[in-house]
Amino acid sequence: MILPSLSPVSLCSSSPLMLQVAMFESKRILLLAIQLLFASHVFLSIVREGNAGITSVFIRSEWPSTDIPLDHEVFAIPEGHNAPQQVHITQGDYDGRAVIISWVTADEPGSSKVQYGKSERRYDYTAEGIVTNYTFHKYNSGYIHHCLVNDLEHDTKYYYEVGSGESSRRFWFQTPPRIDPDSSYKFGIIGDLGQTYNSLSTLKHYIQSGAQTVLFVGDLSYADNYQYTDVGIRWDSWGRFIEQSAAYQPWIWAAGNHEIEYMPYMGEVVPFKSYLHRYATPYAASKSSDPLWYAIRRASAHIIVLSSYSPFVKYTPQWMWLREELKRVDREKTPWLIVLMHVPMYNSNEAHFMEGESMRLVFEEWFVQYKVDVVFAGHVHAYERSYRISNIHYNVSSGERYPVSDETAPVYITVGDGGNQEGLAGKFRDPQPDYSAFREASYGHSTLEIRNKTHAVYHWNRNDDGKKVSADSMILNNQYWASNRRRRKLKKQSLMTLVGQTSAY
Ligand SMILES: [Fe+2]
């Protein structure tokens, strides 16, 4: 806009013409003030946007969020009398030289023996397991076998066979490298999986990722959305569903709310009954008193599994165990400290908002103190990653109640997007809180590829209707090796090597 130029003399005049001019000048000053205000607003908005996280606008067309019918091939019962089904393995000790092999026989107890060795169909060793079963309302479970296979060599492929005669079945697994700060290893992270076509898409994409071990952050089968005998039937179908991965590599289990199965109307009031009978964990190896919380070490990672639905406040067994386990973490041997839990401590979705607040109040200070690298959770059926933030100075009288940027804090990642029958949690809180770096309501899974003691490459892989698409990625700096001046030289050397290796990303 071009404004007429006015002489100072004219402004001093009191004639009607001069009065009009004076009014015009007042309007001009007002207009300039408005322009200035607008410009500063735009500037401030740009500054704010520069620091804000991203809410992805990606909209996907979903497969139906209904469970796959029981007669679908992914739930096929293996042929033969009493053939082992639902075969799955998990780590069986503290350091990765043992596995627990579990399976179900439907007709009779049969053998709990595992034959195994380093050559296919030539087994040099035998291990003897145990068998158990349970009832759930009027459902009688099959015979559930758990067999500990220990004293294995690191970084070795083992072949194993379960069952007997013509019904026996054969699988294999690879043991992890020895505990070593420089071991590279690729973990996958899956949560809230269920057994829908979306779940199948997630599972297939996970298998394609080439990851070596699943860190499962709770809510397995969603069988508790059924009633009476169908609850047990859907636990069985889920066991057959995941076998294509879980029989060949360990799935590290954390429990979610769908494992509780407190169903008084059916006369079932023992929490975690189905889950604990079916999915073993090596809790005793980490001096835990309960299968719901424990720790393992694998390659260069120390992984702590917590239970969102077991007591955790001060002086409870889980609290006391965690206090001691954190002291046992040796970052010189296992540089990567990873925590798994079901309920996220930081979540900006309307679904389950603030549910993790009680555990955050109890444990967050330790996570910062012990330099946890990353905390993975599920529960919210969407994906979200935080910045490095903490909120450990708050108390009821301090008033410091907001999370702040904190480079010593973990990254919090929610991967509750496995694809179960409850659908997506599509409603994020608006505006996006400062602590939230990236969020999207789509199905998928994550991978964490540890390259060396200082760096890991992280991806969130959206299912994207049949294709696996990496939609959120970052290089994760190790919190212990990246923060000590003495170690910086080593870090620099490692980074130089990494840059050479990650040119494909
Ligand atoms: Fe959940």
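Every residue number used here counts from 1 along the chain in the order it is shown.
Cβ coordinates come from backbone N, Cα and C, glycine included.
The domain 'Purple acid phosphatase N-terminal' feature in TrEMBL is assigned to 84-175. For the domain 'Purple acid phosphatase N-terminal' (84-175), DSSP puts the residue distribution at 3 helix, 51 strand, 38 coil.
Sequence annotations record features per position, and here TrEMBL assigns domain 'Calcineurin-like phosphoesterase' to 186-383. Confidence for the domain 'Calcineurin-like phosphoesterase' (186-383), expressed as mean pLDDT, is 98.
Feature annotation from TrEMBL assigns domain 'Purple acid phosphatase C-terminal' to 409-468. Secondary structure of the domain 'Purple acid phosphatase C-terminal' (409-468), assigned with DSSP and counted as helix (H, G, I), strand (E, B) and coil, comes to 0 helix, 26 strand, 34 coil.
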